[in-house]
Amino acid sequence: MALLIHLKTVSELRGRGDRIAKVTFRGQSFYSRVLENCEDVADFDETFRWPVASSIDRNEMLEIQVFNYSKVFSNKLIGTFRMVLQKVVEESHVEVTDTLIDDNNAIIKTSLCVEVRYQATDGTVGSWDDGDFLGDESLQEEEKDSQETDGLLPGSRPSSRPPGEKSFRRAGRSVFSAMKLGKNRSHKEETQRPDEPAVLEMEDLDHLAIRLGDGLDPDSVSLASVTALTTNVSNKRSKPDIKMEPSAGRPMDYQVSITVIEARQLVGLNMDPVVCVEVGDDKKYTSMKESTNCPYYNEYFVFDFHVSPDVMFDKIIKISVIHSKNLLRSGTLVGSFKMDVGTVYSQPEHQFHHKWAILSDPDDISSGLKGYVKCDVAVVGKGDNIKTPHKANETDEDDIEGNLLLPEGVPPERQWARFYVKIYRAEGLPRMNTSLMANVKKAFIGENKDLVDPYVQVFFAGQKGKTSVQKSSYEPLWNEQVVFTDLFPPLCKRMKVQIRDSDKVNDVAIGTHFIDLRKISNDGDKGFLPTLGPAWVNMYGSTRNYTLLDEHQDLNEGLGEGVSFRARLLLGLAVEILDTSNPELTSSTEVQVEQATPISESCAGKMEEFFLFGAFLEASMIDRRNGDKPITFEVTIGNYGNEIDGLSRPQRPQPRKEPGDEEEVDLIQNSSDDEASDGGDLASVSSTPPMRPLVTDRNYFHLPYLERKPCIYIKSWWPDQRRRLYNASIMDHIADKLEEGLNDVQEMIKTEKFYPERRLRGVLEELSCGCCRFLSLADKDQGHSSRTRLDRERLKSCMRELESMGQQARTLRAQVKRHTVRDKLRLCQNFLQKLRFLADEPQHSIPDIFIWMMSNNKRIAYARVPSKDLLFSIVEEETGKDCAKVKTLFLKLPGKRGFGSAGWTVQAKVELYLWLGLSKQRKDFLCGLPCGFQEVKAAQGLGLHAFPPVSLVYTKKQTFQLRAHMYQARSLFAADSSGLSDPFARVFFINQSQCTEVLNETLCPTWDQMLVFDNLELYGEAHELRDDPPIIVIEIYDQDSMGKADFMGRTFAKPLVKMADEAYCPPRFPPQLEYYQIYRGNATAGDLLAAFELLQRLLRRCRVLCNGGPSSHSTGEVVVNMEPEVPIKKLETMVKLDATSEAVVKVDVAEEEKEKKKKKKGTAEEPEEEEPDESMLDWWSKYFASIDTMKEQLRQQEPSGIDLEEKEEVDNTEGLKGSVKGKEKARAAKEEKRKKTQSSGSGQGSDAPEKKKPKIDELKVYPKELECEFDNFEDWLHTFNLLRGKTGDDEDGSTEEERIVGRFKGSLCVYKVPLPEDVSREAGYDPTYGMFQGIPSNDPINVLVRVYVVRATDLHPADINGKADPYIAIRLGKTDIRDKENYISKQLNPVFGKSFDIEASFPMESMLTVAVYDWDLVGTDDLIGETKIDLENRFYSKHRATCGIAQTYSTHGYNIWRDPMKPSQILTRLCKDSKVDGPHFGPPGRVKVANRVFTGPSEIEDENGQRKPTDEHVALSALRHWEDIPRAGCRLVPEHVETRPLLNPDKPGIEQGRLELWVDMFPMDMPAPGTPLDISPRKPKKYELRVIIWNTDEVVLEDDDFFTGEKSSDIFVRGWLKGQQEDKQDTDVHYHSLTGEGNFNWRYLFPFDYLAAEERIVISKKESMFSWDETEYKIPARLTLQIWDADHFSADDFLGAIELDLNRFPRGAKTAKQCTMEMATGEVDVPLVSIFKQKRVKGWWPLLARNENDEFELTGKVEAELHLLTAEEAEKNPVGLARNEPDPLEKPNRPDTAFVWFLNPLKSIKYLICTRYKWLIIKIVLALLGLLMLGLFLYSLPGYMVKKLLGA
């Protein structure tokens, strides 16, 4: 299965030079070594080998290129040789001599001689013997070659192969690389051969790497090909897993915090909304807001959970809005939104901040959206650090569409979809005979029915549906489907399918399966909707021994790892997107259950017979607590092999083999006698014979298998879905290789070895080759009848993903340079995650294999092996990674018993060989066993080749001696209460164990002891044992004087093996000490430094050896190389600037002043923008201005940061383009919107923000602790915690915090002597201090500490009402200040604004604790959270954290200089301390420090406006740029406010809120500082808003007249200032308006308190009659006006409303005609005004309501006048409410019908007739007159005519 190329010579070369050859096959290239100074013949004589997994096609090409090699320039191509492999494929061995061709395909003289051999995978072509292949010279060359490269490689060491063993260059797949448990030291420590230089110099390295790489550039060399030189490896063992303890299923602390801020656009008229927040089964409600569609809440809810992660992430968060809920009725649901906790947790920072949840009505899916709720949702686990965006005054009008509460990539318009979960049938259910009645029945009636009544229950998105119950059936048949209706894509990741047993008392779960929707769908361009099956899924849970109370019932619910097979279920899943406009749709989302169409037997795959074989080679380390009764091991696959209720035959008849069966090709046995025997009578053997254990030592037994190894074999029948497992295996292989490579690279970076980038390039090369292999292999079996849609879609998407991954890996490989290694490593980690995700197959086929240890018929411990890891395939890459390998398994306790310390100890260690495959492919099922055995078969199998053995007897055994050189361990866990341990190590090898001595009171024991294990008998061939010895287990214990030793951790190692015929000499021996990582449970528990060697003993020499024979002189010789892991560099980094180079830093303020003046001139027409008045400004102005700046910076960082990342990703990958474009579009749209809102905002024109900036001096607001910005202030002073007490188990909730009993502070520095020139030559250099020059003395020093606490945000509620009453407590040394009387009632975001002065003396009192407590009327106050600040580090830091450096220097006003030292004094002091030349104050406005010149203003204004000359401004300018000073410079702490998380020891690691504060420190021996700054919270300013309602117009008419049927309305207007519904005011009623016109002349008065900086109205009120004191609320300033229709006997009808935000509302229209609906909806650009700037506004505003179709319609217009006055102005100029005195408004001029019509019927009728029918009456009168005239005319016509005729 390999292609070998032997490149002999290249002749007829021109000139003289260095030559190198490159051989390429299937995209994998190898370089030869460089031949130096060749003339016309280059004698390469090298062999290259490619293991090939798929047969070589006759059209494939081999390419050889010959180059002139250059160290400096790129290699120059001489010529190329290409060869089609047709002849090779036919004949298997070809020798060719041919000429080369140049770049232009012209033949050149140079010729080459090459030999090619090929052995096909199926053995049809070629078999060779190594002898005729390589001459001995080439072998040595090869040896040397591998030696050199090994120096480069982590994880390989020079090997001396025994003579006669040949070695080839291995390519492509490195055959399972050695178990790299120990981390080899770097090449410098490798003991060299005598003829090699002692250290590989850089040039050699370059040289070598170039020889391996393409071209010169050391930055493009990669080490994939080198890695392939795996020495000392064989194929027979797979890696054991070192982490033991199950972490799944173990409960942890979680906190879900949800802030409901407000709701908008709720559908419905005049509602009283309440928001209900539900997490899992916990519900909490906000308060009710009356008659509003856009309520503002700002209420914070916290839910605490202590459950396992699986349960937590499946909980549903549901936010619903309920209309008019009260004590008596539950209210009606307006709409709801749901999402699972896992979705929130997988967000960046585990949170959604200020996002809008879309509400939809689950009972009516055709109705569209029902409104939005703005909320923050965060999920915090223990130890998660959440960065909440800064809680500042958020005034930005939100663009709702751009900030929806949806994860990235989910479209904002989600559609309704139906999820059909089809349940067909189940098999292999356990007998749930737990009900006593059943047993009684059985006894009396002899009724023998199946004792289980199964049904299936499906949970999804907070709903559940269940199938019918199938009575008494082990193989129930349902054919039903459960239908869920939910929005797609759903925001719930998993669906839970559970088989349950129906029981009259309580139903229990039989087994649970989770369907992860992300694995069965794909949302890309070529994505597919979730689909699954029909496929079998396997369920695992508790063991199948039936007792009344199952202690592992949790496992059946899906919590934790199942320990036994429970059942399998045939199910399918399909999704259909609904067309909601279709009238036939049932619009409810209730779960429905309906019949599903049955499917054929074979659709899940053709039943095939599988064969599982296992051989137990060793069973040791059996826990002695299990007793010494005989022990047996049971292996099961599904229910096959299970002794209690297992199956030995398939449930369905075994299909007859038809001729021409697809697998017939692989049939192995064709001889008739084998075939006959093979079918029927192979009874499975699933357990080893019972055997009594023998004692190994105090803790463990072992089973004495010796040379007789028991075997098991099981035949089982499963649907043939191997392709799924094969594809998963290929991906697993790629991922394993990638992971190993990345670990190597990380290790190289960590230990600072050379060239990690080359290794990374190699890793990427391997990855891209692996991806190509996947593409060629995965596409087989296309026509398989039982492939489901998911199989096809998954294959497509996996191929797409791997193809793009391969391309990205190639692109990345080119980009890996020395300085980018770390970034690229991160990108590679993403590949690894993606591969692991893709490899997890959602449709199961063969169940996992369980190995149980039974003692005395009790199940004790188990191991579980996935079937895909054991599955055999004839293609190497598809074979499972543990198939036909010896696997070391550590058995563990089932379920909860394995948690905590019980899970740390090994129950048993088993060396087990396993093989699983189709029965007809089982020819080679023994091929991977260590050689040298004879098979022992059962009676009926004697003489049959294919019959599996019941045991193996090893005839070959070797005797060895193991030497364990136990040097030392470090960083062990503390096992005693003293904080130390008494450690000793116990070494186990096969069935022997030995201990080191006990060293007392240490965590870093140096035993320096050799343990010798003599007469170890190992079974098998000698050469195999050399390459693949068994593993050694080392356990570390703590010796206790009383009781048993405590377990402290374990690690594994492989010994270095020396056979009897090898010499004990370098380079392999004596072995190197290596570090081995120790684990306890899943936690790392230190490192062991040791070396292990296994020496073969030949029996005849035994006597000599005992007398200290030839090799005894080296027993103690172990090379100890104590290189520290990471070389420590000197802490300061030196920045060198030439003494001559002068740099000038200018801070020119004059320009800004000019600019300001210009701007002021330019904007004269906007009077509101003048300079703020100094006297008006206070500290808070500065604070809020700073917060705005910080938010602006964050906002700019966001897009730019993302763009950078995206650019980088786009460079790396062509494949990501589509998704990136989409993102960018969305972002561009958002930016556009933001710009618009900014430009339209505040009516100040678009450049308002820029103009505002320079006016107020700012400070720096850090959104995190100050320590994060300045490296914990450990620039020279480091803090080491002193611990006492035991190291707890990570998950017990015990943290290191509780063990701290003190801190050691100091500085450690390792440096070379003598010191470098530049240090020792400095002025004032003191040789006794070495590197520590200029460090302050540690004499006690008294300090005044001034703590300013600004405010707290998001405190954890402490009272039942979901609020808290916080106050501040401060502790420092013996001082304890509790500010209890100033608690703030019912607030989770309190503004404290206080400062505290404390005197302290360092170093005794340096830990400052600032805590927030909750005040309680009765009982003790509860701690909400606290934060600790180490003041000493700050005080002594070079960053000068005593008092922040302000932005500007002023001697008065809000920005007064706080430090008692002026800037010039500070600068002088700094220069002196750090030995810097200066400061030289030159001409005014200049100062020179070292070789830097700083400039700045030279005058200062005092309080009276007098200008005086000063140096302070330039000194400050120098201080603000102190980091630019050469050598001594570093950033100085600016004036700041830091944000610190509050933590509570009871809930370790979970933030309980944040506190904003800063600390100033002043040494007492310096001048005293001034009075503290006043930062007390601003008092809200009192205002009065006067609103006059003049008229209304075009109001919709609601009422029909009783008599005349005409439309009219009785209009009145209601108004209130948002949130103060109790202050709502109504006008009088304008009765019977027939035209929608109303006249009122009515005045409202709204007094309110307002905080201008936060743009909030402040209300203080008692929450209820029982409240102790008033609670303060802050709400936005919004005026609501509504029009109503008054009714006498029924409730008034709501007609329409408008809400005006007093800070920015549309300017009113001049006339009613110009007033349109768009003014309120924002569809037209109306100038926005602020009542606080305009003071008086009058105009017409539209009033809107929603119609049946949920769209806005205009329902009226109101003419109003708003007038804002401060409380003082209002007092001076009082007015009356309504139309009262003083300053009354005149009565409105209303038509008379306003009087009730029944008081004056005639009058109203007259009015009715006159108004309505006036023109009609006139017309009728005119017509009647006309008719009358006509009648008179006709009447008088005859008489008149007679008169005329007669002439009378």
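In case you wondered, yes, glycine gets a Cβ from its N, Cα and C as well.
Per TrEMBL, the features are:
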COMPBIAS  129-145  compositional bias 'Acidic residues'
COMPBIAS  660-678  compositional bias 'Acidic residues'
COMPBIAS  1165-1175  compositional bias 'Acidic residues'
COMPBIAS  1203-1212  compositional bias 'Acidic residues'
COMPBIAS  1221-1234  compositional bias 'Basic and acidic residues'
DOMAIN    1-98  domain 'C2'
DOMAIN    236-357  domain 'C2'
DOMAIN    400-531  domain 'C2'
DOMAIN    944-1069  domain 'C2'
DOMAIN    1315-1444  domain 'C2'
DOMAIN    1565-1716  domain 'C2'
REGION    128-171  region 'Disordered'
REGION    642-690  region 'Disordered'
REGION    1150-1175  region 'Disordered'
REGION    1194-1256  region 'Disordered'
TRANSMEM  1815-1835  transmembrane segment
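Residue counts for the domain 'C2' (1-98) under DSSP, split into helix (H, G, I), strand (E, B) and coil, are 6 helix, 61 strand, 31 coil.
Contact between the domain 'C2' (1315-1444) and the domain 'C2' (1565-1716) is present: at least three CB pairs lie under 8 Å, with pairs separated by 6 or more positions in sequence. For the domain 'C2' (236-357), residue counts in helix, strand and coil come to 14 helix, 62 strand, 46 coil, using DSSP. Taking DSSP states H, G and I as helix and E and B as strand, the domain 'C2' (944-1069) has 6 helix, 63 strand, 57 coil. Averaged across the domain 'C2' (236-357), the predicted model reaches a pLDDT of 86. The DSSP breakdown of the domain 'C2' (1315-1444), given as helix, strand and coil counts, is 16 helix, 53 strand, 61 coil.
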